[in-house]
Structure formats: structure tokens, C-alpha cells
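Annotated NADP(+) binding site per TrEMBL: LEU9, GLY10, LEU11, GLY12, THR13, VAL14, GLY15, GLY16, in sequence order. Per TrEMBL, NADPH binding site is recorded for LYS105. The L-homoserine binding site annotation in TrEMBL covers GLU190. Per TrEMBL, active site, proton donor is recorded for LYS205. The domain 'ACT' annotation in TrEMBL covers 355-431.
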Amino acid sequence: MEPVKVGLLGLGTVGGGTVNVLARNGEEIARRAGRALVIAKAFTRSPDKPRICDLSGIELATDPWQVVDDPEIAIVAELIGGTDIARELVLGAIERGKHVVTANKALIALHGNEIFARASEKGVMVAFEAAVAGGIPIIKVLREGLAGNRIEWLAGIINGTGNFILTAMRDQGRDFDDVLAEAQRLGYAEADPTFDVEGIDAAHKLTILAAIAFGIPLQFDRVYTEGITRITQEDVRYAEELGYRIKHLGIARRRENGVELRVHPCLVPARRLLANVDGVMNAVVVKGDAVGPTLYYGPGAGAEPTASAVVADLVDVVRTMTADPENRVPHLAFQPDALSDLPPLPMAAVETAYYLRLRVADRPGVLADVARILAGENISIEAVIQKEPQLGQTDVPLIFLTHRVQECAFDAALERITALDSVKAPPYRIRLETLE
Ligand code: NDP
Ligand code: HSE
């Protein structure tokens, strides 16, 4: 059989990794796919830039439409990123009857509903395994491996850069900006790294996971998103003292009247596997009603781990190119006309436990005042730490862990606690999940 010709859009970290993996494992990949896969053409806007891969044998184009328009190219791999030019190119490829593979979670989270609808009309596939959790085949797991389950919840560390930063802060006491710069050098971070540290990238990924897990449309704008920039070394230490680790989690939970969709820092018991996922590694726990809790672990970013997922998608597409479009796995796991209207819930309705860090005046009655306010909202306290004042200081840190409560009740208590004249700095709260 003739080799299948692939056109690459983008030759950066993921594009370069894809060239390398296909070059190194081409023979074995052909045995899996049933046909050889050849990168015939690749777009880059800077052909003279040094690359991590050998480009010999690949025709370079400085206009991406030269790749998309080429009638010889059967699969376009979009590895540019962003939602402007990437959206135009992906829709352009679909219009021309080409299959698409992409690592672009922003594109899928924001424009996936439109892209998949158009792809279904044209009978082509859009594969996006690399868009979530780098090298972990979590899309495949949710779409196929767990298809017999009613998914109850999933929770994951789904941003490698953020986990890399939190791990280095905890283990090496390193400064946030310094670790972020290293993550950028290693090719882990997004073009705009605020996407990583403010939770936007994780929210893109959670949008995709939740759609596939629950059979709901992609709804990025309904995900509550909070980043890791307010976490201090102090919080990391207090969490450890209380038997927890701070992780940046994406959580999607099915409730009776809707679905929780949230990305935020979270205290996780130190004994949980998820609490011990360090560095650039990602992990996702998925709880299905039949299988119970399952855990998927692997590198969440980087050239070859991500290329592993891109190439797996290329193989999948080649294997199913000849299958009747009606018989392919649906893009979002559920048949497009069978999506549920289960609404995303507001954060006020979310139920979770809390870590609360206060800086208070060191005088009698302060702890009792805070405890009284919490009790007034029916919030039960699980643990308290009060530290000695440091030499020359009159304020002390006061840390509370609470039991589970509705976020609206916690917010009401927090407002009253913030207003106490004994509270000397804006309180900081981190949600806490035992993941049982
Ligand atoms: P890079 O910045 O390393 O590479 C992007 C490539 O696209 C480069 O070739 C760049 O050109 C080109 N490019 C960027 N912007 C434009 C533009 N506006 N117009 C034309 N060309 C452009 O990014 P990555 O490889 O890291 O990421 C690519 C995609 O993969 C993104 O969607 C990202 O979110 C996703 N991803 C990345 C992972 C990672 O670990 N890095 C992991 C999982 C997904 P030039 O070479 O000239 O700069
Ligand atoms: N910037 C992303 C991360 C790349 O750090 O997880 C992988 O999606």
C-alpha cells in the first residue's frame, strides 16, 4: 500500500518531537498502522531556526496553506497552538476532506463543538489525544476503555508546568519565577505561560475531559478557574505539617442536578497517589461506577511524550481511514445527537473542605471569634495550627482545616472573618479534597 502522507503545521517542541518519533520508530509504526506514514511537508515561519529534529526529506513551506492545500496530504497535524490561525487551518483542512490531528487544547475547548460538527459533515476525523495530559492516553481511556461505565468523577493534575513549579517549591524551596523559567526552557510551558500558572490550560483540558466523561458539550466558559500564583512556601509547609500536599487539580464531578467543573489548588492527603505525582508528571483519577477508581500516570508535557500521543492519533486515523464514518468512535465519545444537558453548577453549590490561612493579632479570644463564625455557618473544624509570633511581631499565622461544606456557606463565613479587626491581612483559602 502507498504510504500515507502527513503534513505538519508547526515545527516547535511538539512538531520536532513528532518528526523524531516517526523517524525512529517508522518501521514499527507502519506494522501497526498497516501502511507507512511519511511526513511529506512541514510548515514553519522560520525555516532557518535550529530544530530538535532532522528535516531531511521533508519539504518545508513558509505558508501553512501550502500544506493544507496540497492534494497529496491526507492528514494535517496542527501543532502551532492558539485559536486564531490554528482554527482557520483546521477548518480549512476539514473543508478539503483531510483528517486532522492536533495537540491544541485551547482550540478544542473553545471551538471543538464547531470543528467536530464540520468534521462529521465532511466525514473526516479530528484526533486530539495530545491535547490532554501529554503522553497519557486519557482520551482513549475515557472514550473507549471505560465506555461501559457511568463516570462519577475525575480529578487530575493536568498541567505539567504547574506541577513542576509546585514540586520544586516544596522539595527545593525554589522561587516561583525561577522554576517557571526552567519549565519554559524545557519546552513544557505554553507560548503564554500565564495559561499554565493561572489554570487556563488546565481548564481547557478539563473542558475536554468532562465532555467526554459525561457526554456534555464543550463549555470552557463554565469552568471555575484559579491558578497557583497565590500559594506561598508557608502554605506548602503548613499543608505538609497537617499531612497534605498542595496540588493544582482539575475536578469534574457528576451531581444529581449538574456537574462541578473546577480547576484550583487543592490540599490532597499525602498518602494518596495523586499527592505523590511530582515534577512534569501528570495523573488523572477516574471513578467509574463499574470499574471503581482508576489512575493514569505519565509525562504531561515535553517533546517526545507529547509526540507519542500525536503519533498514536496518526496511527488511529490511518487504521480507520477506510472505515465508514458512521462506525468510527465519536469525537466526544457520545453520539453527537445524544449529548446530555446536565448543567455546570456554580461554585456556590460545590461541596468541599477547606484550608484557611489567616494572619491575626496575637491576643486572647481571636481563635474563639473565628471558630464562632465558622460554627455559625455550620462549618465543623477538623484541625487548627497556631504559630508563635516571630521576634518583634505581634501578628501570628492561624491555620484552620474544615470538614466539607457548601462553598456558599464558607464564603459567607469568610466574609465575616475578613471583617474582624483582629484579622490583619487578606485570608487565603485552599480547597481540600480527600478523593475517597
Ligand atoms: P512551540 O512554540 O514550540 O511551537 C509552535 C510552532 O508553531 C513553531 O514552529 C512556531 O513557529 C509555529 N507558530 C507559533 N505561532 C505561530 C503563528 N502565529 N503563525 C505561524 N506559526 C506559528 O509550541 P509547542 O510545540 O510547545 O506547542 C504546540 C501545540 O502543542 C500547542 O497547541 C500546545 O498547547 C500543544 N502542546 C504542547 C505541549 C508541550 O509540552 N510543549 C504538550 C501538549 C500539547 P516558529 O518555529 O517560527 O517559532
Ligand atoms: N503547557 C502544558 C503543560 C503543555 O505544562 O501541561 C502540555 O499540555
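Each position is counted from 1, following the chain as shown.
Note that Cβ sites are derived from N, Cα and C of the backbone, with glycine treated the same way.
Feature annotations (TrEMBL) mapped to structure.
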{"residue": "LEU9", "record": "NADP(+) binding site", "Cβ neighbours (10 Å)": "28"}
{"residue": "GLY10", "record": "NADP(+) binding site", "Cβ neighbours (10 Å)": "24"}
{"residue": "LEU11", "record": "NADP(+) binding site", "Cβ neighbours (10 Å)": "25"}
{"residue": "GLY12", "record": "NADP(+) binding site", "Cβ neighbours (10 Å)": "17"}
{"residue": "VAL14", "record": "NADP(+) binding site", "Cβ neighbours (10 Å)": "29"}
{"residue": "GLY15", "record": "NADP(+) binding site", "Cβ neighbours (10 Å)": "28"}
{"residue": "GLY16", "record": "NADP(+) binding site", "Cβ neighbours (10 Å)": "24"}
{"residue": "LYS105", "record": "NADPH binding site", "Cβ neighbours (10 Å)": "28"}
{"residue": "GLU190", "record": "L-homoserine binding site", "Cβ neighbours (10 Å)": "20"}
{"residue": "LYS205", "record": "active site, proton donor", "Cβ neighbours (10 Å)": "27"}
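A helical conformation is recorded for VAL14 (NADP(+) binding site) in the three-state DSSP classification.
Checking the binding-site residues LEU9, LEU11, GLY12, VAL14, GLY15, GLU190 for a CB within less than 6 Å of any atom of ligand 2 leaves GLU190, listed in sequence order.
For ligand 1, the recorded positions lying close by, meaning a CB under 6 A from one of its atoms, are LEU11; the full candidate list was LEU9, LEU11, LYS205. DSSP assigns LEU9 (NADP(+) binding site) to a strand in the three-state reduction. Distance between Cα atoms for GLY10 (NADP(+) binding site) and the residue listed as 'L-homoserine binding site': 14 Å, as a whole number. Between the CA atoms of the residue listed as 'active site, proton donor' and GLY12 (NADP(+) binding site) there is a gap of 21 Å, rounded to the nearest whole number. The number of other Cβ atoms within 10 Å of the Cβ belonging to THR13 (NADP(+) binding site), over all protein chains shown, comes to 22. According to its DSSP assignment, the residue listed as 'L-homoserine binding site' is coil. Confidence for the domain 'ACT' (355-431), expressed as mean pLDDT, is 95. Listed in sequence order, the residues LEU8, GLY17, THR18, THR44, LEU79, ILE80 complete the 8 Å Cβ shell around the NADP(+) site centroid, once LEU9, GLY10, LEU11, GLY12, THR13, VAL14, GLY15, GLY16 themselves are left out.
For the residue listed as 'NADPH binding site', the spatially nearest entry among the binding-site residues LEU11, GLY12, THR13, VAL14, GLY15 is VAL14, judged by CA separation.
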